[in-house]
Amino acid sequence: MKTPRIPIAIQQAVMRSLREHLANANRKLERRYAEPTLVYQQRGTSAGTAWLEKNEIRLNPVLLLENQREFIDEVVPHELAHLLVWQHFGRVAPHGKEWKWMMESVLGVPARRTHRFELASVRQNTFPYRCRCQQHQLTVRRHNRVVRGEATYRCVRCGDLLVAEK
């Protein structure tokens, strides 16, 4: 799937949010953390990821376009908090007490681990499989592993091997 183009006005709003939150953090923490690089190449159902060693934030362009205000207000500071926590505390739990403190006390944003965006447009195709108690939907990746003989999957409820439906 081709990555959608983000209009310049939205890119500017994302950058403004990033810079405002970073400036607040630098002021409150009395530090001068460098501005991270923004990349609009996150795919799948993740809204964003923070690449700690690269000081980079990857954002999902599809979810950004569909949820502009909430995305800018929540996802941008969420990923920035991961980078700041790593630089301030070192390696700690991704959504642990340090991250929660950074989100709420430093950035002034509610600490939510996951987004609540509609995912229909980014959810990948699934393949129906069956056990004796229910139907399951396997992702393309898992389905291909089954087809190649690299993996088998069992139902967590009944323990049966999952079999592709015809």
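For all residues, glycine too, the Cβ spot is worked out from N, Cα and C.
Taken verbatim from Swiss-Prot:
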ACT_SITE  E79  active site
BINDING   H78, H82  Zn(2+) binding site
DOMAIN    20-164  domain 'SprT-like'
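Annotated features, which come from Swiss-Prot, shown on the structure.
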| residue | record | Cβ contacts under 8 Å, 6 or more apart |
| --- | --- | --- |
| H78 | Zn(2+) binding site | A47, G48, M103, V109, R112 |
| E79 | active site | G48, T49, A50, I57, L59 |
| H82 | Zn(2+) binding site | A50, L52, P94, W99 |
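Across the domain 'SprT-like' (20-164), the DSSP tally of helix, strand and coil residues reads 56 helix, 25 strand, 64 coil.
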